[in-house]
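Enquirer: So TrEMBL lists the following for this protein:
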ACT_SITE  B:Lys76  active site, charge relay system
ACT_SITE  B:Ser167  active site, charge relay system
ACT_SITE  B:Ser191  active site, acyl-ester intermediate
DOMAIN    B:22-483  domain 'Amidase'
Amino acid sequence: MAASSSGSSTLKRTLCTFIRYRSVRCVRQCNASIRTVCTSGSTSQLQPKIQSKGVSSQLRGVVGLEIHAQIHATSKLFACSRVAFCSPPNSSVAFLDASLPGTLPVLNRRCVEAAVITGLALNCTINRKSLFDRKHYFYADMPAGYQITQQRLPIAVNGSLIYSYFGGRKRNQVLSRCVRIKQIQLEQDSGKSLHDDQRSQTLIDLNRAGVGLMELVMEADMSCGDEAAAAVRELQLILQTLGTCQGNMSEGQLRVDANVSVHCPGEPLGVRTEVKNINSARYVARAIDYEIQRQKKVLENGGIIVNETRAFDSKSGTTIPMRDKEGLQDYRFMPEPNLPPLFVYEDEASVPAGVNPTQVVMIDRLKAELPELPGVRRARMVDQYKILPEHSFTLVNEDGLTEYFERVVRNTKAEPRKVIGWVMKELLGNLNQQSLKLAQSPVSPEALADLLNVLESGHISSSAAKVVFQEMWKAPEKAVEQLVKELDLGLVSDREKLLKICQKVVDTHPEQLNVPTTKSNLLTIGGLDLESHTKLKWKNTLQADPTLM
Amino acid sequence: MLSLSIGEVSAALRKGRLSATELCRRCLNRIRKTRHLNAYITVTEDLAMKQAQEAELRLTRGKPLGPLDGIPFSVKDNFCTENIETTCASHMLRGYFPPFSATVVQKLLDQGAVLVGKTNLDEFAMGSGSTDSVFGPVRNPWSYSVSYREQSREQDPDSDWVIAGGSSGGSAAAVASLSSFMALGSDTGGSTRNPGSLCGLVALKPTYGLLSRHGLIPLVNSMDVPGIMTRTVHDAATVLDVLQGRDEKDSTTVESAYSPSSLPEEFDVRDICVGVPKEYHAPGMSAETLAQWGRVVALFERAGARVKEVSLPHTQHSIVCYHVLCCCEVASNMARFDGLQYGHRSKVDSSTEALYATTRHEGFNSVVRSRILAGNYFLLKQNYDRYFVKAQQIRRLITEDFRRVFQSGVDVLLTPTTLSDAARYSDFIQEDNRTRSAQEDIFTQPVNVAGLPAVTVPTALSSRGLPISLQLIGQSFQDMKLLTVANWMEQQLDFPIIRFHDDTDQERECKLGS
C-alpha cells in the first residue's frame, strides 16, 4: 500500500489483497504467530549440578505445555468478520481486525461459551468474573500493536486433564496420567506475515487476525515427549468432541509450545527453554525428547542451559534457537479499557435484575449440553461391551467410530466382542488401506450388522463372511443375502455332495493320504486342489459344513 | 439568523421562514469569512449542500426527521466520518479517509443535521489550547469581537488574539463564530468544556457510558466522551437526547432508559442543593473568575436553593493521576499507528524496525511522542505498580470523594471551568503543552476521572471583553437534571451574544432572524 494514500477506497482495495511493505528482515527466523510470556523468574532457577558423568542418567525431563486452540466459531473474538480458512488474503477483515482508529472490541458470546465448555470439560473452576488485558509488542501481523488477552484474571483456572498412552517395554501397557491445567484464557490470534526475502518484501494477510483463541496452560507435570504428545492428543480429542476447536494441528488450529527443563528428582527445577511452533503430536514427542537429551548433554559437558526460545525443525528433528529477543521483551500489560469485566452466571437465578438472561453465558445450561467425553466413553465401552481397553481407544479416537460400533451392536445378535473384531480388523483395515475416513465407508453399520447376523445364524462360515464383506465394500448397493447367493457361499450341507467332492480330491492326490486325516487336513487338501479338480471355485471348498467333515 | 439557537432556527425552518439550503449556504459563507480563525480542517461544502437540499425537501413536505433536521453542525476532526478525511490534526493521519462514521456523527446525520466541516484540534486531542495542531493554532472568535477589540491596545487583530482553548478549540470557534449551530467535541480532561468556556458556549461533557465512543479516535478510552457544544443549554439537551443510549459497537455504553429525553417543564430551584467544593479555590484563579463564582453562588442562594460548602480532598491529586493514566493509554492506543495499514508511512525502510521508528517519529509531534514515551515507561513491569496501579487507586479515591458528596444530599456542584478568561496566544505558548494542560485542566479533569457529567455555562464578559464561565457537575446519568439546573442558571445570567467589530451583515442577519 502506498505510503501517502490511505483513503477508504485504497483501504478496501488493499484489504482484498496483501498489505505489503518493503522490509529487510533482520530479526526473526521463525514466524511465531503468537508470542507468550517467557519464563519469569527462570533466571534465578538453578542449573542442575552435575558431579560426574554418571549423574546425567539421573536427570529427568520436566515438561509443561502452552497450547493455543483456535475457537471454532463463525465470527472472530471481537469483530463480526468471518472465520474462514483458505480464503483470499485479507478478504475477511473487519475494521477492528485492521485496527482502524476508533474501532472498539465487542466480545463474541460464542467464544466465551466455547471457553467455558472447554473449562468445564477440563474440570476447571470457571471464574464468574474475568478481565481482559492488552499485551503490547510491535509486529506487522498484529496491527493494533497489542493483543487483547486475559493476563490477570482468565476465564477458567485450576483444571486437570487425564490422559493415557501405551507404555511399558512392549508399548502395550495402557498408562494413565494426569496433568494440571493452570488456566484457560481467551485471546486474539494474529495475522500472518509472508516474507519474500528475494524482493525484500513482507506481505500481510489479516484473515486470521482477531480469530478467537483459547490459550491452555498445562503445568510442568509431564516428563517426556510421549506423555506430552498423549496429553495433546487427548486434549485434541476433547476439543473436537466438544466442538470448541477443530483441532487440526497442521492447519494451525491447535498450536503447541513446550517448556522443557531437566533436573535431578527432588531438586529444584532447572532452567527451561521454550520450544515453539510444533505442529503435530508426533513432533511434540520428538521435539521434547530431543530437547531433553540436548539439555542433558549440555549439562553433562559442564555447560549451562540458557533460558531461550527455540524452534523445532521437523526435517532434522532438532530444536534450534530463534534469533529474536522475545525473552527480553516487556509486554507492558495494561487493562483493556474498552471491555467491561466479563461475567458468567451459574444459573438463571444468579443473573442480576436488568440483565437479559438470553444474552448472558450461563454455566448450568452449558453443563447440561456437555457431550460424553472421551475418557468417560472409553470406560463405558470397556464396561458395557467388555471390550479391551486398547480397542476403546481406537473406538474413541476415530471420529464417529463409537457410534458406528454401537449401531452395529444394536442391530445384530452377535456379541459386542465379536463385533469389535470386525470393526477393528475388517472395517478399519479397509479404511486405512484406502486412506478413507469413516464417513466414507461404503459399508454402513446396518449392513455390517446384517452380515454378522447371517454369520451368527450359521448360514455362512466366518471366512466366507470376510469374503462377503470385501464384496460389500465393492458393491455397497447389494444386500448381504444377495451377495451370499450370488457368490454361492452358502455352506455345502449335502452329505452326498460333500463325499463326492472329497473322494475326488483323495483320488487325484493319493500322495496326500499319508497325512493323518483330521478335519483340518481334509479341508487343506481340498483347499489345495479342489479348484483344479472340480468345477467349484477354490474358495468354495471352505464352505463345507465343518460338522459334516 | 446565524446567532440563533437550534430551537429558534429549527422553528424558523419548520415554519418556512427560512430554507435549509439558504441556512447552509450562509454557514458556508460564514466559514469562508472566518477562515482566519483556522477553526476548520475540512469544509464539506458539497456534501453539506446536498444534505441541506434533502432536509429542505422534508421540511417543505412538513415531515422533518426531528429537531435537528436541516441544522448545520461541525465535528471535531478526531471523529471518524465516512469518506471524509479525518486527521486528528496530525501528520500521521493526513489523507486518511475512514470507511465508517462514528456512531454519534451517524446519529446526527440520521436526524437530518447538515455536516459543514471537520474542526481543528490539538494533535490527537492532546492539549488545552488548540495550539498544537499540524494545521496551526485556532483563534478564539472573541479576539475579533467588539468587546475585546475595544479594550485591546493593539490595532491589528492578527498580532493580538487569544486562544480558543482546547483541545476541541476548532469546534468551539465554529459555534462561537456562528458558522455552526452545534459541534461535537471530545472531552477527556476538559477538552470540550475548556474551549466551550473560553469561547462563551454551553459545553456538555456527558456521563461516561451515555454516549458511544465508537468512531472517536481515542485519547484515553476510560475517560473519553463525546462532548456537545451549543449556544444554549436547551440546545445541548436536544442534542443529548439524540445522541444518548447504548451502542452495540461500544461495550462501555449503557441504556439511557433512566435519562429523560428533555428538560422538565417544571423546575423549582428551591429543591436543589448546590455544593461548592472548597478545594477548587485554586492558586492562579483570576479575581474575575472568583467574583463570577461568588456571584452565581449568591444567585442560587437568593433564589432559595440550598448552598453548602463541600470537600473533595483527593481532587488535588487528580492532575498527577490523570497524567499517568493518560500517558499509559496513549502509549497503548498510539501503537497502531505504524504506517502499515493506513496513515503516514516513512520512506526509510532499511528494516521493519527502522520503518516503524521513522514513521512514528515523522508522524507524531513532540507532545504525542513524549506521552508515548512516558506511558511506556509507566507500564514497564518494574514500574507498573508504582505508577499505573497507584494512579488507579487514586482514581478510585477521587471517585469516592464525589460519591460521598452526592450522597450527602448535594444535587450539583458549582465550580469555575477555567482559571481565567482566554490567554493571549503569545503568552500561552510561553509554557510547554504539558505544563499548560496541567494548569488548564485543573477544574475539569477530576470529572473525567470519576466519569461524571458536567456542563459549562458562560456567565459574563471579563474586563478584557472575553467570556468567563462556570461549571456544574452532576451525578452519574443525571445529565438531564444537570442541564435543568444549568438551564435555570443560564436564564438568570443573560450572557451577551457575540458581536464582531468588523461585521455589519451580522446585525442585519440578526434582525432578519428574529
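Cβ from N, Cα, C; glycine included.
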Enquirer: Roughly where does the domain 'Amidase' (B:22-483) sit in mean pLDDT, to the nearest integer?
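Expert: A mean pLDDT of 95 is what the predicted model shows over the domain 'Amidase' (B:22-483).
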Enquirer: Can you tell me the CA-to-CA distance separating the residue listed as 'active site, acyl-ester intermediate' and B:Ser167 (active site, charge relay system), as a whole number of Å?
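Expert: About 5 Å separate the Cα atoms of these two residues.
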Enquirer: Rounded to a whole number, how many Å is the Cα of B:Ser167 (active site, charge relay system) away from the Cα of B:Lys76 (active site, charge relay system)?
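Expert: If we compare the Cα positions of B:Ser167 (active site, charge relay system) and B:Lys76 (active site, charge relay system), the gap is 9 Å.
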Enquirer: For B:Lys76 (active site, charge relay system), which residues of its chain lie six or more apart in sequence with Cβ-Cβ distance below 8 Å?
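Expert: Once residues fewer than 6 apart are set aside, B:Lys76 (active site, charge relay system) is near B:Lys118, B:Thr119, B:Leu121, B:Ala125, B:Ser168, B:Gly170, B:Ser171, B:Ala183, B:Leu184, B:Gly185, B:Ser186.
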Enquirer: Looking only at Cβ atoms, how many others are within 10 Å of the one on the residue listed as 'active site, acyl-ester intermediate'?
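Expert: Excluding its own Cβ, the number within 10 Å is 39.
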Enquirer: Hey, what's the Cβ neighbour count for B:Ser167 (active site, charge relay system) at 10 Å?
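Expert: 37, counting other Cβ atoms within 10 Å of B:Ser167 (active site, charge relay system).
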